[in-house]
Each structure stands twice: as C-alpha cells, then as structure tokens.
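In what follows, a single structure is set out as structure tokens and then discussed.
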Amino acid sequence: MHIHAPIIFLLLTPFAASLPTSLLIPRQSRTTRNDLQNANTACKPFTLIFARGTTEVGNLGTVIGPPLVTALGRVLPGGANALAVQGVNYPANVAGFAVGGDRAGSRDMAGLVSGVCAESKVILAGYSQGAQLVHNAISQLPQAAANKIAAVVMFGDPKNGDALGKGADAKAKTFCNSGDLICRGQAVILAAHLTYGSDAGDAGRFVAGLVG
C-alpha cells in the first residue's frame, strides 16, 4: 500500500500534546540505543534493529520502541542480557515519509543488518515511517544478508499490504490499529496511530515464538 498525494500530515509532537493523557504512552527512559555501534558490545544471541516514526526523539522514539525492547527482554531466551539493540540514526522527518521512507536511513538499516555477527538472530522492527524503512531495507539486502532476519514486526505501516520479499513475509507481523489511517493509505495521524505501545507484549510473544 502506498500513501497518495496530496499529503495531509499532522506532526506527531503537537498532535500528541493535544491528546488526553490516557491516550499517551508514558515516556520511557531509554530513547536511544547504539549497541551495534558500540565497539565494546559483544555478539549477542539476538539483535533488534528498530526504526522510529516521524518526529520521534532519539533513535528508538517513545511510542513503541522502548516498550518493545522491554517486552523482548522479558520473553527471549536469556532475557535482556541476550539482546543487542540498535536504533536507526536517521532524520525521521516529514520529507522522508513523503518519499516512502528516508532513503539514507533505509540504506543504513540495510547496512546494520549486513553488519550483524553471524551468530545473532536479527529482529527487524519499525513504526510508521520506520516501517517504510523496514520495507526498503529488506528490498536492498542481498539474500545472504536477508537470511539473517529471524523476525519482523511493524506498527502503523504506511506500506501495509505490500510484500517484503526475500523470504521475510513468512516471519513478519504488522500491527494496524482500528482507526489508524496511516496503515490504511491515508497520510493523516489520529489517536490510534499513537497507541502502539500497548501492542509491545503481543509483538514480543510473536518474535519469541519464531526465535525461541
């Protein structure tokens, strides 16, 4: 599925500020993780590579990135100590969303997958524009690198319904909330697009079922 022009895009920050407190996901303490870029990080059994949504802070954002990290740490064999986490460091701006996902960020995500140690199972994940990056990154990977991917989870995916390819579709799950227009082909952010933190547990269990 592709978002069609004209784009009617409501920025996350001001829109979120206007929502009732009950609809907002509490800010997590860890909005940035760079385990793969940290030379002191040893190869771990699992590696999460996550791309945040448009205008989110850090490289994990706040909506679903940190809750997903927490959920995976609870359900993966070996717990949090068995999981390396790397957010994609890309601008996450509206211009990138408008072209179907930031191009440099997509290349960087593919490069991160290729660089993961051979012994680690890769979990690829993205929210909103970050899900666009997941699609783009997989399409750019050679098959040998794509074979490292053990699970894919996407939230509020603007390309919902489009095949991932490279054998990834059989290992993928997309979360598209009722009332979320972004994953239904319309570039309009409503409250339903901002509540994917509640899906972290289900996403973690899906991943654990594939890699555990």
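Cβ coordinates are placed from backbone N, Cα and C, and glycine is handled just like the others.
Copied over from TrEMBL, here are the features:
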- 1-18: signal peptide (SIGNAL)
- CYS43-CYS117: disulfide bond (DISULFID)
- SER128: active site, nucleophile (ACT_SITE)
- CYS176-CYS183: disulfide bond (DISULFID)
- ASP180: active site (ACT_SITE)
- HIS193: active site, proton donor/acceptor (ACT_SITE)
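Just so you know, the Cβ of CYS183 (disulfide bond) picks up 23 other Cβ atoms within 10 Å once every protein chain is counted. Of CYS43, CYS117, HIS193, all annotated as recorded positions, the residue with the shortest Cα distance to CYS176 (disulfide bond) is HIS193. Sequence-distant neighbours of the residue listed as 'active site' (same chain, 6+ apart, CB under 8 A from its CB) are GLY156, LEU190, ALA192, HIS193. Take the CB of CYS117 (disulfide bond) and look out to 10 A: across all protein chains shown you find 13 other CB atoms. Taking the C-alpha positions, the distance from CYS183 (disulfide bond) to SER128 (active site, nucleophile) comes to 8 Å.
Within the same chain, residues at least 6 positions away in sequence whose Cβ sits under 8 Å from that of the residue listed as 'active site, nucleophile' are ARG52, GLY53, THR54, PHE97, PHE155, GLY156, ASP157, PRO158, ILE182, HIS193. Neighbour density around each Cβ, counted as other Cβ atoms within 10 Å, peaks among the disulfide-bonded residues CYS43, CYS176 at CYS176.
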